[in-house]
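Asker: The annotation transmembrane segment is assigned in TrEMBL to 62-80, 86-105, 165-186, 264-284, 290-310, 322-345, 351-368.
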Amino acid sequence: MISSKIETSSKRLSLAIEDANINDQKCILDNELKKLKELNFLESSLLIEDEEQQTTKNSKKLALIPLIFLIYFEVAGGPYGEEAAVGAAGPLLAILGFLIFPFIWSIPEALFTAELETTFPGNGGFVICAHKAFGPFWGSLMGPGNSSAVLSTLLREVDQPQKTYAIALFSAGIFTCLSYLIPLLAATGATSLDQEKWVDGYFADLAAMIAGKWLKYWVEIGAVLSVIGLYEAQLSSCAYQILGMANIGVVPRFFGVRSKWFSTPWVGILISTMIALAVSYLTFADIISSVNFLYSLGMLLEFASFLWLRRKMPSLKRPYKVPLPVAGLLIMCIVPSVFLVYVMVVASKTVYIVGALLTLFGIIWYFLMKLCKLKMWIEFDNAGEKDADEAADEDE
C-alpha cells in the first residue's frame, strides 16, 4: 500500500519535473527568439544609422551666412504684408508697433530658442525639447502643433550649431526689424497718407509714385523672390522636423530616409507637400488663422518645456544660457503667452475644428506608433530616448 503510494508520488513528481523542464525550455526558447529578433532589429538599425551618418558626413554643412538668410526668409522675407498695419492703425502706431513688439515678443522667443536648440542640437527642433521635458507623448503632439520652428529643425545640418545658431538668430532678427522699418519710414515720409489705400501690394504702387515704374518692377520681383524664399525655408523646416521626429522614434524610421544624390529628406519633403495640398481648399484667411492657432499651441508648449527643463535639469551643460533665474524667465513668458492666448480666443470655428482634428490625429498617431513599437511591426529609432536618459544622468 505504502509502496504503491510512493510509486504514484514518484511518477507525479517525475511528470511535474518533466513539465517544469518543458516550461523552462519553452521560456528559454522564447527568450532566445526574442533576443534574436532584437539583435536582427538592432543590426538593421545600425546599418541604416551608419548609412545616415555617412550621408551626413558627405553632405555640406550650413555656414553662418546661409543660415541667417534661411531664418530671415522663414520669419519675414521682406516688408511685404505690413501695409495692412498702416491701413488699420496709421503710420505712427504701425512704426511704434514694429519698434516695441520685438522687445516683448521676438527677443524673448529668440533667447528661449537659442538656449534650447544649442543645448539639444538635432534635427527636430522643439519636438526634441518637448520630448525631453515631458516625454514622447508631448513630443509627438509638438509635431502638428509647431508650424514655424525658426529652422531649429535642421541643426544637425549646421556647421558648429552651438556657436553659429545664436548669432544667426539675432542677426536675422536685426535684419527683420530693419527690413520692416526702413521701407515703412521711407514710404510714409515720401508720400501723402491715404490710409484706405494701404492694403497688401500697395508698396509697389508707392514705389512707382516715388521713383517710377522701374522701382515698381523691382519691388514686384522682390515680392516673387520673397515668396520663393519663404516657401523654401518653410519646406526645409517642416521636412527636417519630420526627419528629427523619425530620429527620436515619434514616427517610423522610413520617414527619415534621405536622398542618395542630394542627402535631403525626400520623404519629409513629400509629406510636407501633401499637407500643403491638403489645406489648399481652405481660404487664405482660414489658413493663416489655423497656422497662428497651431503656432500658439506649439509656443505655449515650448515655453513650458523651457521652464521645466530649467527646473528639472538646472546643471545641464548649456552652450548658451539666458542669464535669468527661473522666476525672471517666468515673467518673460507671461507677455508673449497673453498674446498667444488672445490669438487662440479670437479664432473662428473653422480654426477650432482644424486644431481639434490635428490634435486628435496627433493623439491617435502616438498610441498607434506605440503599438507598432511594442509589436515590432515597423522599424523605429530610439536614439532620442537614449539621449534624453543620458542628459538626465549627466544632470544628476
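Counting begins at 1 with the first residue displayed.
Glycine is treated like the rest: Cβ placed from N, Cα and C.
Note: TrEMBL annotation is automatic and uncurated.
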Asker: Please work out which recorded stretch in 62-80, 165-186, 264-284, 322-345 has the most C-beta pairs separated by under 8 angstroms from the transmembrane segment (86-105)?
Answerer: 165-186
Asker: Would you say the transmembrane segment (290-310) and the transmembrane segment (351-368) are touching, if the rule is that at least three C-beta pairs must lie under 8 angstroms and be 6 or more residues apart?
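Answerer: In contact, yes.
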Asker: How about the transmembrane segment (165-186) and the transmembrane segment (62-80): at least 3 CB pairs under 8 Å, pairs 6 or more apart in sequence, or not?
Answerer: yes
Asker: Below 8 angstroms Cβ to Cβ, which residues of this chain, lying six or more residues outside the transmembrane segment (62-80), approach it?
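Answerer: Beyond its ends, the transmembrane segment (62-80) has Cβ neighbours at 148, 150-151, 154, 157-159, 164-165, 167-169, 171-172, 175-176, 179-180, 183-184, 200, 203, 222-223, 226-227, 229-230, 232-234, 236-237.
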Asker: What else in the chain is close to the transmembrane segment (264-284), if you only count residues 6 or more beyond its ends and a Cβ gap under 8 Å?
Answerer: 235, 238-243, 254-258, 290, 350, 354
